[in-house]
Amino acid sequence: MAPLTSSLVEYSDSDSDTSPPAKVIKTTHTTPATNQSPTSTSNHSKVSPSNSLPPLPSRFHDLYAVAPRVGQQDDPSLHGGRKRSIPHVQGNWPTHVFIEWHLSRSEFDVLNDAYHTASTVTAEAGVKLESHLKSDLGSEQPLHLSLSRPNVLATGQREGFLELLRDRLDKTRIKPFSVEFTGFEFVSNNDRTRWFFVLRATEGADTQLPRLLQLANHTFEAFEQPPLYAENGDKLDGFHVSLAWSLVEPGKDTIAKVVEALKKHVCWGKILGQSEVERLKLAIDAVKVKIGNVVHIIELGKKEKQGEAGNPKRRRASYDIHEKRNT
């Protein structure tokens, strides 16, 4: 199990939306609701017997993936002190490739325990940790595993980027897979303006995550955008899921106290257990691409399941979900 260390990763300084509002509300593909969310949920996710309502389909979450924009000017006071690393420019579209993890009740509870354990320790040192598990209003939120930096596309590049990424994903024939976690860390963004409390992830049994990252990096490079994790795109590691963030860097003593507190807590064994049954897992069956306030879903292994025959448009594993927002 890897110790808590400080390292550098690519992170946006703000999670706020910087894109113009979508003009239409349109869903080009729908799927029926199931008892288990098809997008980035654990294999052992189950609906609690005490819950009489069925879970929402995963596509529903994308309709509310972006918070309402309160203005085009960067005002850190509106975003907990965070600053945009990419200024808003009309005609530029913030673009992010990632894997989304909608937590089951048991997954949320154990990760929330880990967050509260860490935040209690850091608070004693004057380092306030802000949770990624809940919104400012207290609602539970999905977590993310990034496959790209927060890059920017011009208006005329959006369709070409998405088509190239779809085609390359189809050709890789990567099937749904899962990853586990190896430990907790504190990492900073590229500008060292925010620090993140994260779970370090494995690469997948057949190094699927590095393959997906390399594919995303090469696609962005075709549009003159930088890759994630390394300038030349060759350093294909550093995969993690962020649980919380802070504007203050935790010191080495604080980090050591955090790891000791986590080791003593029951959540440590539930997340990083010795046996395969005990360990927390993230099941990955889709990649998401957020361009502006539009979320596209590219399902893994979809082309192989459907075969080569048929209408190419029907074989595309992508669903464009547009959100109508007030300006």
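Glycine is treated like the rest: Cβ placed from N, Cα and C.
Here TrEMBL flags H144, H240 as active site, proton donor/acceptor. Positions annotated as compositional bias 'Polar residues' by TrEMBL: 27-47. Marked as compositional bias 'Basic and acidic residues' by TrEMBL: 317-327. As annotated by TrEMBL, region 'Disordered' applies to 1-59, 305-327.
Between the CA atoms of H144 (active site, proton donor/acceptor) and H240 (active site, proton donor/acceptor) there is a gap of 8 Å. Listed active-site residues: H144, H240. The one with the lowest count of other Cβ atoms within 10 Å of its Cβ is H144.
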